[in-house]
Amino acid sequence: MQNNIDKVLILDFGSQFTQLITRRIRELNVYSEIHPFHVSIDFIKEFKPKAIILSGGPSSVYEEDAPKVDKQLFELGMPILGICYGMQIIVYSMGGKVESADKREYGKAEIEITNHESIFKSFGKSNIVWMSHGDSIKSIPEGFELIAKTPNTELAAIENKQKNIYAIQFHPEVVHTENGIKIIENFLFNICKCERNWNMGSFIEYEIKRIRETVGDKNVILGLSGGVDSSVAAVLIEKAIGKQLKCIFVNNGLLRKDEDKKVVEVFRDNFNIDLIYVDASKRFLDKLAGVTDPEQKRKVIGHEFVSVFNDEAKKIENVGFLAQGTLYPDVIESVSLRGSSAVIKSHHNVGGLPKDMKFELLEPFRELFKDEVREIGLELKLPEDIVYRQPFPGPGLAVRILGDITEERVKILQEADDIVVSEIKKAGLYRKLWQSFAILLPVKSVGVMGDGRTYEQVCAVRAVESVDAMTADWAKIDYNVLGIISNRIINEVKGINRVVYDISSKPPATIEWE
(Lines of atoms letter the chains of each structure in order from A and count residues from 1; the text may use other names and numbers.)
(Lines give C-alpha, C1' and ligand atoms only; values in the text may rest on other atoms or scores of the structure.)
Protein backbone atom coordinates (compact mmCIF):
# COMPACT_ATOMS: atom_id res chain seq x y z
CA MET A 1 0.00 0.00 0.00
CA GLN A 2 1.09 3.60 -0.59
CA ASN A 3 3.40 4.91 2.13
CA ASN A 4 2.32 8.54 1.77
CA ILE A 5 -1.23 8.10 3.08
CA ASP A 6 -2.62 8.04 6.61
CA LYS A 7 -3.63 4.57 7.77
CA VAL A 8 -5.97 3.26 10.44
CA LEU A 9 -5.29 -0.16 11.93
CA ILE A 10 -8.34 -2.18 13.00
CA LEU A 11 -7.64 -5.08 15.35
CA ASP A 12 -10.31 -7.72 14.86
CA PHE A 13 -11.82 -9.58 17.81
CA GLY A 14 -14.44 -11.40 15.74
CA SER A 15 -17.31 -8.93 15.41
CA GLN A 16 -19.74 -9.38 12.52
CA PHE A 17 -19.42 -5.60 12.02
CA THR A 18 -15.61 -5.37 11.68
CA GLN A 19 -15.67 -5.04 7.88
CA LEU A 20 -18.27 -2.31 8.29
CA ILE A 21 -15.85 -0.26 10.41
CA THR A 22 -13.29 -0.45 7.60
CA ARG A 23 -15.82 0.56 4.98
CA ARG A 24 -17.05 3.53 7.02
CA ILE A 25 -13.49 4.81 7.42
CA ARG A 26 -12.67 4.40 3.73
CA GLU A 27 -15.90 6.19 2.82
CA LEU A 28 -14.37 9.15 4.68
CA ASN A 29 -11.33 8.91 2.36
CA VAL A 30 -9.01 7.48 5.01
CA TYR A 31 -7.28 4.14 4.37
CA SER A 32 -7.88 1.36 6.89
CA GLU A 33 -6.87 -2.28 7.24
CA ILE A 34 -8.13 -5.15 9.39
CA HIS A 35 -5.63 -7.43 11.12
CA PRO A 36 -5.97 -10.15 13.78
CA PHE A 37 -6.02 -8.93 17.39
CA HIS A 38 -2.83 -10.89 18.13
CA VAL A 39 -0.46 -9.07 15.74
CA SER A 40 2.84 -8.14 17.37
CA ILE A 41 3.78 -4.73 18.71
CA ASP A 42 6.62 -4.69 16.16
CA PHE A 43 4.07 -5.18 13.36
CA ILE A 44 2.01 -2.27 14.66
CA LYS A 45 5.07 0.00 14.87
CA GLU A 46 6.08 -0.95 11.32
CA PHE A 47 2.51 -0.39 10.05
CA LYS A 48 2.70 3.17 11.45
CA PRO A 49 -1.03 3.72 11.93
CA LYS A 50 -2.37 7.19 12.55
CA ALA A 51 -5.02 5.53 14.73
CA ILE A 52 -5.95 2.11 16.13
CA ILE A 53 -9.48 0.76 16.51
CA LEU A 54 -10.31 -2.31 18.60
CA SER A 55 -13.38 -4.05 17.17
CA GLY A 56 -16.26 -5.72 18.93
CA GLY A 57 -16.40 -9.47 19.43
CA PRO A 58 -18.47 -12.33 20.89
CA SER A 59 -16.15 -13.21 23.80
CA SER A 60 -16.09 -12.18 27.46
CA VAL A 61 -12.78 -10.60 28.49
CA TYR A 62 -12.71 -12.30 31.89
CA GLU A 63 -12.77 -15.80 30.39
CA GLU A 64 -9.45 -17.62 30.32
CA ASP A 65 -9.34 -18.20 26.55
CA ALA A 66 -10.75 -14.79 25.57
CA PRO A 67 -8.76 -12.85 22.94
CA LYS A 68 -6.37 -10.38 24.57
CA VAL A 69 -3.91 -7.75 23.38
CA ASP A 70 -0.35 -6.99 24.42
CA LYS A 71 -0.64 -4.30 27.13
CA GLN A 72 2.23 -2.43 25.47
CA LEU A 73 -0.38 -1.37 22.91
CA PHE A 74 -1.70 1.22 25.35
CA GLU A 75 1.76 2.72 25.88
CA LEU A 76 2.53 3.41 22.20
CA GLY A 77 1.05 6.91 22.33
CA MET A 78 -1.20 6.23 19.32
CA PRO A 79 -4.88 7.27 19.53
CA ILE A 80 -7.07 4.24 20.27
CA LEU A 81 -10.84 3.75 19.98
CA GLY A 82 -12.39 0.65 21.53
CA ILE A 83 -15.82 -0.48 20.30
CA CYS A 84 -17.98 -2.80 22.46
CA TYR A 85 -15.61 -5.73 23.22
CA GLY A 86 -12.82 -3.33 22.28
CA MET A 87 -13.95 -1.08 25.15
CA GLN A 88 -14.03 -4.01 27.53
CA ILE A 89 -10.52 -5.15 26.56
CA ILE A 90 -9.22 -1.61 27.24
CA VAL A 91 -10.88 -1.52 30.66
CA TYR A 92 -9.82 -5.06 31.60
CA SER A 93 -6.21 -4.65 30.37
CA MET A 94 -5.70 -1.33 32.15
CA GLY A 95 -7.02 -2.33 35.59
CA GLY A 96 -10.79 -1.83 35.43
CA LYS A 97 -13.46 -4.44 36.11
CA VAL A 98 -15.78 -6.20 33.62
CA GLU A 99 -18.54 -8.62 34.66
CA SER A 100 -21.54 -10.39 33.17
CA ALA A 101 -24.38 -7.87 32.99
CA ASP A 102 -27.50 -8.23 35.13
CA LYS A 103 -29.47 -7.10 32.12
CA ARG A 104 -28.15 -7.63 28.60
CA GLU A 105 -28.44 -4.79 26.12
CA TYR A 106 -29.25 -5.58 22.49
CA GLY A 107 -30.75 -3.19 19.95
CA LYS A 108 -31.44 0.53 20.16
CA ALA A 109 -30.72 2.51 23.32
CA GLU A 110 -30.57 6.18 24.21
CA ILE A 111 -27.29 7.47 25.61
CA GLU A 112 -27.00 10.58 27.73
CA ILE A 113 -23.83 12.46 26.80
CA THR A 114 -22.04 13.97 29.78
CA ASN A 115 -18.99 15.39 27.96
CA HIS A 116 -19.43 17.13 24.61
CA GLU A 117 -15.76 17.35 23.72
CA SER A 118 -13.62 14.79 21.83
CA ILE A 119 -15.73 12.06 20.16
CA PHE A 120 -19.08 13.67 21.04
CA LYS A 121 -18.17 17.14 19.80
CA SER A 122 -21.20 18.95 18.26
CA PHE A 123 -23.65 16.37 19.68
CA GLY A 124 -26.85 17.16 21.56
CA LYS A 125 -27.66 15.99 25.09
CA SER A 126 -28.71 12.49 23.96
CA ASN A 127 -28.30 10.17 20.98
CA ILE A 128 -29.79 6.85 19.80
CA VAL A 129 -27.17 4.09 19.51
CA TRP A 130 -27.05 0.36 18.72
CA MET A 131 -26.02 -1.88 21.62
CA SER A 132 -24.96 -5.53 21.43
CA HIS A 133 -23.38 -6.73 24.67
CA GLY A 134 -23.99 -9.16 27.50
CA ASP A 135 -21.20 -7.91 29.78
CA SER A 136 -20.91 -4.58 31.56
CA ILE A 137 -18.14 -2.45 33.03
CA LYS A 138 -18.27 -2.17 36.81
CA SER A 139 -15.27 0.12 37.30
CA ILE A 140 -12.98 2.04 34.98
CA PRO A 141 -9.17 2.24 35.10
CA GLU A 142 -7.33 5.13 36.69
CA GLY A 143 -7.11 8.18 34.42
CA PHE A 144 -10.42 7.51 32.62
CA GLU A 145 -13.61 9.50 32.95
CA LEU A 146 -17.24 8.90 32.02
CA ILE A 147 -18.49 10.69 28.88
CA ALA A 148 -21.83 8.91 28.19
CA LYS A 149 -24.30 6.57 29.93
CA THR A 150 -27.66 4.83 29.42
CA PRO A 151 -30.35 3.80 31.94
CA ASN A 152 -28.95 0.24 31.84
CA THR A 153 -25.27 1.00 31.24
CA GLU A 154 -23.75 3.50 33.66
CA LEU A 155 -20.47 3.46 31.71
CA ALA A 156 -21.48 3.62 28.02
CA ALA A 157 -18.47 5.68 26.90
CA ILE A 158 -15.21 6.68 28.58
CA GLU A 159 -12.00 8.51 27.69
CA ASN A 160 -8.44 9.01 28.87
CA LYS A 161 -7.34 12.25 27.22
CA GLN A 162 -3.80 12.01 28.52
CA LYS A 163 -3.25 8.65 26.80
CA ASN A 164 -5.55 9.51 23.88
CA ILE A 165 -7.70 6.40 24.48
CA TYR A 166 -11.46 6.40 23.89
CA ALA A 167 -13.97 3.60 24.35
CA ILE A 168 -17.67 3.14 23.63
CA GLN A 169 -20.04 0.29 24.52
CA PHE A 170 -22.07 0.59 21.29
CA HIS A 171 -21.52 0.30 17.53
CA PRO A 172 -21.06 3.63 15.67
CA GLU A 173 -20.45 1.80 12.38
CA VAL A 174 -24.01 0.46 11.98
CA VAL A 175 -26.79 2.55 10.44
CA HIS A 176 -28.99 2.09 13.53
CA THR A 177 -26.68 4.39 15.52
CA GLU A 178 -27.67 7.99 14.88
CA ASN A 179 -24.66 10.20 14.08
CA GLY A 180 -22.41 7.13 14.18
CA ILE A 181 -20.35 8.45 11.28
CA LYS A 182 -19.93 11.74 13.18
CA ILE A 183 -18.33 9.83 16.08
CA ILE A 184 -15.89 8.19 13.67
CA GLU A 185 -15.22 11.57 12.00
CA ASN A 186 -14.53 13.24 15.35
CA PHE A 187 -12.10 10.47 16.25
CA LEU A 188 -10.29 10.45 12.89
CA PHE A 189 -10.10 14.16 12.14
CA ASN A 190 -10.34 16.03 15.46
CA ILE A 191 -8.40 13.60 17.64
CA CYS A 192 -6.10 11.69 15.27
CA LYS A 193 -5.66 14.54 12.75
CA CYS A 194 -6.00 12.15 9.79
CA GLU A 195 -5.82 13.51 6.25
CA ARG A 196 -8.47 12.55 3.67
CA ASN A 197 -5.92 11.20 1.22
CA TRP A 198 -7.37 7.80 0.22
CA ASN A 199 -9.10 7.89 -3.17
CA MET A 200 -9.36 5.66 -6.24
CA GLY A 201 -7.62 8.15 -8.51
CA SER A 202 -4.41 7.97 -6.48
CA PHE A 203 -4.83 4.19 -6.11
CA ILE A 204 -4.96 3.74 -9.91
CA GLU A 205 -1.74 5.75 -10.36
CA TYR A 206 0.04 3.82 -7.63
CA GLU A 207 -1.19 0.40 -8.80
CA ILE A 208 -0.26 0.97 -12.46
CA LYS A 209 3.28 1.81 -11.38
CA ARG A 210 3.40 -1.20 -9.02
CA ILE A 211 2.12 -3.60 -11.70
CA ARG A 212 4.77 -2.41 -14.18
CA GLU A 213 7.56 -2.82 -11.63
CA THR A 214 6.29 -6.23 -10.51
CA VAL A 215 5.66 -7.74 -13.94
CA GLY A 216 8.71 -6.47 -15.80
CA ASP A 217 8.82 -8.04 -19.28
CA LYS A 218 6.70 -11.10 -18.38
CA ASN A 219 3.24 -11.80 -19.74
CA VAL A 220 0.18 -11.92 -17.49
CA ILE A 221 -2.84 -14.18 -18.05
CA LEU A 222 -6.28 -13.43 -16.67
CA GLY A 223 -9.48 -15.48 -16.77
CA LEU A 224 -12.03 -12.91 -17.92
CA SER A 225 -15.60 -13.74 -16.94
CA GLY A 226 -17.39 -10.50 -17.83
CA GLY A 227 -18.13 -9.88 -14.15
CA VAL A 228 -17.17 -6.69 -12.32
CA ASP A 229 -13.92 -7.80 -10.65
CA SER A 230 -12.19 -9.51 -13.59
CA SER A 231 -13.41 -6.81 -16.02
CA VAL A 232 -12.02 -3.90 -14.00
CA ALA A 233 -8.81 -5.85 -13.31
CA ALA A 234 -8.35 -6.46 -17.05
CA VAL A 235 -8.69 -2.78 -17.96
CA LEU A 236 -6.40 -1.62 -15.12
CA ILE A 237 -3.68 -4.18 -15.91
CA GLU A 238 -3.90 -3.42 -19.65
CA LYS A 239 -3.39 0.26 -18.83
CA ALA A 240 -0.20 -0.73 -17.02
CA ILE A 241 1.36 -3.29 -19.38
CA GLY A 242 -0.64 -3.22 -22.63
CA LYS A 243 -0.30 -6.34 -24.79
CA GLN A 244 1.62 -8.20 -22.07
CA LEU A 245 -1.83 -8.96 -20.66
CA LYS A 246 -3.49 -11.99 -22.24
CA CYS A 247 -7.15 -12.45 -21.28
CA ILE A 248 -8.80 -15.84 -21.69
CA PHE A 249 -12.59 -15.79 -21.98
CA VAL A 250 -14.19 -19.24 -21.86
CA ASN A 251 -17.75 -19.59 -23.16
CA ASN A 252 -19.05 -22.57 -21.20
CA GLY A 253 -22.48 -22.45 -22.84
CA LEU A 254 -24.01 -21.37 -19.53
CA LEU A 255 -23.70 -17.61 -19.86
CA ARG A 256 -26.42 -14.98 -19.93
CA LYS A 257 -28.00 -14.16 -23.30
CA ASP A 258 -25.45 -12.72 -25.77
CA GLU A 259 -22.88 -12.34 -22.99
CA ASP A 260 -20.07 -13.74 -25.15
CA LYS A 261 -20.73 -11.13 -27.86
CA LYS A 262 -20.85 -8.30 -25.31
CA VAL A 263 -17.56 -9.32 -23.67
CA VAL A 264 -15.75 -9.53 -27.02
CA GLU A 265 -17.21 -6.19 -28.13
CA VAL A 266 -16.29 -4.32 -24.93
CA PHE A 267 -12.82 -5.70 -24.29
CA ARG A 268 -11.42 -6.59 -27.70
CA ASP A 269 -13.10 -3.89 -29.78
CA ASN A 270 -13.43 -0.97 -27.33
CA PHE A 271 -10.44 -1.47 -25.02
CA ASN A 272 -8.15 -3.21 -27.53
CA ILE A 273 -7.31 -5.95 -25.01
CA ASP A 274 -5.56 -9.09 -26.26
CA LEU A 275 -8.54 -11.41 -25.76
CA ILE A 276 -8.50 -15.13 -26.43
CA TYR A 277 -12.10 -16.30 -26.92
CA VAL A 278 -12.73 -20.02 -26.45
CA ASP A 279 -16.13 -21.44 -27.35
CA ALA A 280 -16.23 -24.59 -25.23
CA SER A 281 -20.02 -24.66 -24.87
CA LYS A 282 -20.48 -28.08 -26.51
CA ARG A 283 -17.68 -29.56 -24.40
CA PHE A 284 -19.30 -28.34 -21.15
CA LEU A 285 -22.84 -29.37 -22.10
CA ASP A 286 -21.65 -32.84 -23.15
CA LYS A 287 -19.94 -33.31 -19.77
CA LEU A 288 -23.08 -32.12 -17.94
CA ALA A 289 -25.44 -34.49 -19.76
CA GLY A 290 -27.46 -36.42 -17.17
CA VAL A 291 -25.89 -34.58 -14.20
CA THR A 292 -28.61 -33.25 -11.87
CA ASP A 293 -26.88 -33.01 -8.47
CA PRO A 294 -25.89 -29.36 -7.76
CA GLU A 295 -22.50 -30.16 -6.24
CA GLN A 296 -21.68 -32.54 -9.06
CA LYS A 297 -22.57 -29.81 -11.56
CA ARG A 298 -20.13 -27.45 -9.85
CA LYS A 299 -17.37 -30.07 -9.83
CA VAL A 300 -17.83 -30.90 -13.52
CA ILE A 301 -17.83 -27.21 -14.52
CA GLY A 302 -14.85 -26.38 -12.29
CA HIS A 303 -12.82 -29.30 -13.65
CA GLU A 304 -13.63 -28.47 -17.27
CA PHE A 305 -12.82 -24.79 -16.80
CA VAL A 306 -9.41 -25.61 -15.37
CA SER A 307 -8.77 -28.01 -18.24
CA VAL A 308 -9.76 -25.48 -20.94
CA PHE A 309 -7.91 -22.62 -19.23
CA ASN A 310 -4.80 -24.80 -18.86
CA ASP A 311 -4.87 -25.77 -22.55
CA GLU A 312 -5.00 -22.11 -23.61
CA ALA A 313 -2.46 -20.88 -21.05
CA LYS A 314 0.13 -23.40 -22.30
CA LYS A 315 -0.04 -21.81 -25.75
CA ILE A 316 1.11 -18.44 -24.39
CA GLU A 317 4.85 -17.84 -24.06
CA ASN A 318 6.77 -16.00 -21.33
CA VAL A 319 3.94 -16.10 -18.77
CA GLY A 320 5.04 -15.08 -15.29
CA PHE A 321 1.81 -14.05 -13.60
CA LEU A 322 -1.77 -15.11 -13.15
CA ALA A 323 -4.07 -12.16 -12.44
CA GLN A 324 -7.14 -12.56 -10.25
CA GLY A 325 -9.86 -10.25 -9.00
CA THR A 326 -9.45 -11.21 -5.34
CA LEU A 327 -11.16 -8.66 -3.07
CA TYR A 328 -10.39 -7.56 0.49
CA PRO A 329 -13.30 -9.47 2.10
CA ASP A 330 -11.77 -12.72 0.72
CA VAL A 331 -8.46 -11.83 2.35
CA ILE A 332 -10.08 -10.86 5.66
CA GLU A 333 -12.12 -14.07 5.68
CA SER A 334 -8.96 -16.10 5.35
CA VAL A 335 -6.51 -14.35 7.65
CA SER A 336 -8.47 -12.56 10.34
CA LEU A 337 -8.73 -14.42 13.64
CA ARG A 338 -6.93 -17.47 12.30
CA GLY A 339 -3.71 -15.58 11.85
CA SER A 340 -1.73 -14.31 8.92
CA SER A 341 -0.47 -17.75 7.92
CA ALA A 342 -3.91 -18.87 6.72
CA VAL A 343 -4.14 -19.55 2.99
CA ILE A 344 -5.85 -16.86 0.95
CA LYS A 345 -8.90 -18.13 -0.93
CA SER A 346 -8.39 -18.40 -4.68
CA HIS A 347 -10.90 -17.47 -7.34
CA HIS A 348 -13.08 -20.51 -7.97
CA ASN A 349 -12.16 -20.57 -11.65
CA VAL A 350 -8.43 -20.90 -11.22
CA GLY A 351 -7.99 -22.38 -7.77
CA GLY A 352 -7.48 -25.83 -9.23
CA LEU A 353 -4.84 -25.02 -11.82
CA PRO A 354 -2.11 -27.68 -12.00
CA LYS A 355 0.87 -27.18 -9.71
CA ASP A 356 3.31 -27.34 -12.61
CA MET A 357 1.95 -23.98 -13.80
CA LYS A 358 4.29 -21.95 -11.62
CA PHE A 359 2.83 -18.47 -11.97
CA GLU A 360 2.99 -15.73 -9.40
CA LEU A 361 -0.34 -14.23 -8.41
CA LEU A 362 -1.15 -10.66 -9.40
CA GLU A 363 -4.07 -9.38 -7.33
CA PRO A 364 -4.49 -5.62 -7.78
CA PHE A 365 -7.70 -5.46 -5.72
CA ARG A 366 -6.79 -7.59 -2.73
CA GLU A 367 -6.98 -4.48 -0.50
CA LEU A 368 -10.27 -3.16 -1.94
CA PHE A 369 -13.99 -3.62 -1.37
CA LYS A 370 -16.44 -4.18 -4.23
CA ASP A 371 -17.72 -0.58 -4.17
CA GLU A 372 -14.13 0.68 -4.52
CA VAL A 373 -13.57 -1.62 -7.51
CA ARG A 374 -16.73 -0.23 -9.11
CA GLU A 375 -15.37 3.29 -8.57
CA ILE A 376 -12.15 2.32 -10.34
CA GLY A 377 -14.18 0.87 -13.21
CA LEU A 378 -15.97 4.19 -13.67
CA GLU A 379 -12.65 6.09 -13.51
CA LEU A 380 -11.30 3.78 -16.25
CA LYS A 381 -14.39 4.48 -18.42
CA LEU A 382 -15.83 0.97 -18.31
CA PRO A 383 -19.51 0.86 -19.38
CA GLU A 384 -21.88 1.28 -16.44
CA ASP A 385 -23.74 -1.92 -17.28
CA ILE A 386 -20.53 -3.85 -16.54
CA VAL A 387 -19.47 -1.76 -13.53
CA TYR A 388 -22.86 -2.17 -11.85
CA ARG A 389 -23.51 -5.72 -13.01
CA GLN A 390 -25.19 -7.92 -10.41
CA PRO A 391 -23.29 -10.97 -9.09
CA PHE A 392 -23.48 -14.05 -11.31
CA PRO A 393 -22.61 -17.55 -10.05
CA GLY A 394 -19.34 -19.11 -11.21
CA PRO A 395 -21.09 -22.20 -12.64
CA GLY A 396 -23.40 -19.86 -14.56
CA LEU A 397 -26.92 -20.90 -15.49
CA ALA A 398 -26.14 -24.51 -14.51
CA VAL A 399 -27.21 -23.75 -10.93
CA ARG A 400 -30.33 -21.94 -12.12
CA ILE A 401 -31.50 -24.86 -14.25
CA LEU A 402 -32.79 -27.40 -11.77
CA GLY A 403 -32.52 -30.95 -13.07
CA ASP A 404 -31.13 -31.86 -16.50
CA ILE A 405 -29.05 -29.30 -18.38
CA THR A 406 -29.64 -29.37 -22.12
CA GLU A 407 -28.97 -26.84 -24.86
CA GLU A 408 -32.73 -26.31 -25.22
CA ARG A 409 -33.26 -25.66 -21.49
CA VAL A 410 -30.30 -23.24 -21.44
CA LYS A 411 -31.82 -21.23 -24.30
CA ILE A 412 -35.22 -21.15 -22.58
CA LEU A 413 -33.67 -19.81 -19.37
CA GLN A 414 -31.50 -17.28 -21.22
CA GLU A 415 -34.61 -15.78 -22.81
CA ALA A 416 -36.58 -15.73 -19.55
CA ASP A 417 -33.67 -14.27 -17.58
CA ASP A 418 -33.11 -11.57 -20.20
CA ILE A 419 -36.74 -10.48 -19.79
CA VAL A 420 -36.40 -10.35 -15.98
CA VAL A 421 -33.28 -8.17 -16.14
CA SER A 422 -34.73 -5.97 -18.88
CA GLU A 423 -37.93 -5.20 -16.95
CA ILE A 424 -36.09 -4.73 -13.64
CA LYS A 425 -33.89 -2.12 -15.38
CA LYS A 426 -36.91 -0.41 -16.96
CA ALA A 427 -38.49 -0.14 -13.50
CA GLY A 428 -35.31 1.55 -12.17
CA LEU A 429 -34.68 -1.28 -9.71
CA TYR A 430 -31.54 -2.94 -11.06
CA ARG A 431 -28.96 -1.09 -8.93
CA LYS A 432 -31.20 -1.23 -5.86
CA LEU A 433 -31.36 -5.02 -5.94
CA TRP A 434 -28.46 -7.30 -5.02
CA GLN A 435 -29.62 -9.87 -7.57
CA SER A 436 -32.60 -10.45 -9.86
CA PHE A 437 -32.85 -13.48 -12.12
CA ALA A 438 -34.92 -16.39 -13.45
CA ILE A 439 -34.74 -20.07 -12.49
CA LEU A 440 -36.00 -22.96 -14.61
CA LEU A 441 -37.71 -25.61 -12.49
CA PRO A 442 -37.69 -29.37 -13.15
CA VAL A 443 -41.50 -29.53 -13.18
CA LYS A 444 -44.21 -28.92 -15.75
CA SER A 445 -47.66 -27.47 -15.27
CA VAL A 446 -50.93 -27.45 -17.16
CA GLY A 447 -51.96 -24.23 -18.88
CA VAL A 448 -54.33 -22.85 -21.48
CA MET A 449 -53.23 -20.85 -24.51
CA GLY A 450 -55.91 -19.87 -26.99
CA ASP A 451 -58.26 -22.84 -27.25
CA GLY A 452 -55.55 -25.38 -26.51
CA ARG A 453 -54.20 -27.06 -23.41
CA THR A 454 -50.47 -26.73 -22.70
CA TYR A 455 -48.15 -28.76 -20.53
CA GLU A 456 -44.92 -26.79 -20.21
CA GLN A 457 -42.15 -25.76 -17.82
CA VAL A 458 -42.38 -23.52 -14.76
CA CYS A 459 -40.10 -20.50 -14.30
CA ALA A 460 -39.37 -18.91 -10.92
CA VAL A 461 -38.30 -15.28 -10.54
CA ARG A 462 -35.90 -14.38 -7.71
CA ALA A 463 -35.06 -10.84 -6.58
CA VAL A 464 -33.30 -9.99 -3.31
CA GLU A 465 -32.01 -6.98 -1.42
CA SER A 466 -28.71 -7.37 0.41
CA VAL A 467 -25.52 -5.55 1.39
CA ASP A 468 -23.03 -8.41 1.44
CA ALA A 469 -24.95 -11.60 0.46
CA MET A 470 -24.50 -12.98 3.98
CA THR A 471 -28.18 -12.21 4.59
CA ALA A 472 -30.83 -11.18 2.07
CA ASP A 473 -34.49 -10.15 2.03
CA TRP A 474 -36.80 -10.99 -0.84
CA ALA A 475 -37.59 -7.83 -2.76
CA LYS A 476 -41.11 -6.40 -2.48
CA ILE A 477 -41.38 -5.53 -6.16
CA ASP A 478 -44.50 -3.75 -7.39
CA TYR A 479 -47.13 -6.23 -8.59
CA ASN A 480 -47.42 -4.38 -11.91
CA VAL A 481 -43.72 -4.99 -12.63
CA LEU A 482 -44.05 -8.66 -11.68
CA GLY A 483 -47.14 -8.89 -13.89
CA ILE A 484 -45.26 -7.50 -16.89
CA ILE A 485 -42.38 -9.93 -16.30
CA SER A 486 -44.76 -12.89 -16.05
CA ASN A 487 -46.78 -11.93 -19.14
CA ARG A 488 -43.69 -11.37 -21.25
CA ILE A 489 -42.07 -14.66 -20.26
CA ILE A 490 -45.22 -16.71 -20.89
CA ASN A 491 -45.94 -15.00 -24.22
CA GLU A 492 -42.40 -14.67 -25.55
CA VAL A 493 -40.53 -17.72 -24.26
CA LYS A 494 -41.59 -20.93 -25.94
CA GLY A 495 -41.70 -23.76 -23.40
CA ILE A 496 -42.83 -21.84 -20.28
CA ASN A 497 -46.50 -21.48 -19.30
CA ARG A 498 -46.26 -20.51 -15.63
CA VAL A 499 -44.19 -17.99 -13.63
CA VAL A 500 -43.88 -17.96 -9.82
CA TYR A 501 -42.15 -15.44 -7.52
CA ASP A 502 -39.77 -16.59 -4.77
CA ILE A 503 -40.57 -14.88 -1.44
CA SER A 504 -37.88 -16.63 0.65
CA SER A 505 -35.26 -14.69 2.60
CA LYS A 506 -31.71 -15.75 3.49
CA PRO A 507 -31.60 -17.42 5.95
CA PRO A 508 -33.18 -19.95 5.84
CA ALA A 509 -33.07 -20.08 2.02
CA THR A 510 -29.93 -19.32 -0.01
CA ILE A 511 -30.00 -16.68 -2.75
CA GLU A 512 -29.32 -19.19 -5.51
CA TRP A 513 -31.56 -22.26 -5.72
CA GLU A 514 -28.61 -24.63 -6.11
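Yeah, the Cβs are placed from backbone N, Cα and C, and that goes for glycine too.
As given in Swiss-Prot:
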type	residues	note
ACT_SITE	Cys84	active site, nucleophile
ACT_SITE	His171	active site
ACT_SITE	Glu173	active site
BINDING	Ser225, Gly226, Gly227, Val228, Asp229, Ser230, Ser231	ATP binding site
DOMAIN	7-197	domain 'Glutamine amidotransferase type-1'
DOMAIN	198-389	domain 'GMPS ATP-PPase'
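Location within the structure of each feature annotated in Swiss-Prot.
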residue: Cys84; record: active site, nucleophile; Cβ within 10 Å: 26
residue: His171; record: active site; Cβ within 10 Å: 24
residue: Glu173; record: active site; Cβ within 10 Å: 25
residue: Ser225; record: ATP binding site; Cβ within 10 Å: 23
residue: Gly226; record: ATP binding site; Cβ within 10 Å: 21
residue: Gly227; record: ATP binding site; Cβ within 10 Å: 16
residue: Val228; record: ATP binding site; Cβ within 10 Å: 22
residue: Asp229; record: ATP binding site; Cβ within 10 Å: 21
residue: Ser230; record: ATP binding site; Cβ within 10 Å: 21
residue: Ser231; record: ATP binding site; Cβ within 10 Å: 27
Report summary line: argmin Cα dist to Val228 (ATP binding site) over the active-site residues Cys84, His171, Glu173 returns Glu173
Requested in this report: Report the residues of the chain - excluding Ser225, Gly226, Gly227, Val228, Asp229, Ser230, Ser231 - with C-beta within 8 Å of the mean position of the site's C-beta atoms, for the recorded ATP site, in sequence order.
Outcome: Leu224, Val232, Ala233, Gly325, Ile386, Arg389
Query raised in the report: Out of Glu173, Gly226, Ser230, Ser231, the recorded positions in the record, which is closest to the residue listed as 'active site, nucleophile' when you go by Cα distance?
Result: Glu173
Query raised in the report: Where Gly227 (ATP binding site) and Glu173 (active site) are concerned, what is their Cα separation in Å, rounded?
Result: 29
Query raised in the report: Looking at the binding-site residues Ser225, Asp229, Ser230, whose Cα is closest in space to that of His171 (active site)?
Result: Asp229
Query raised in the report: Rounded to the nearest angstrom, how far is the Cα of Glu173 (active site) from the Cα of Ser225 (ATP binding site)?
Result: 34
Query raised in the report: Between Glu173 (active site) and Ser231 (ATP binding site), how far is it from one CA atom to the other, in Å?
Result: 30
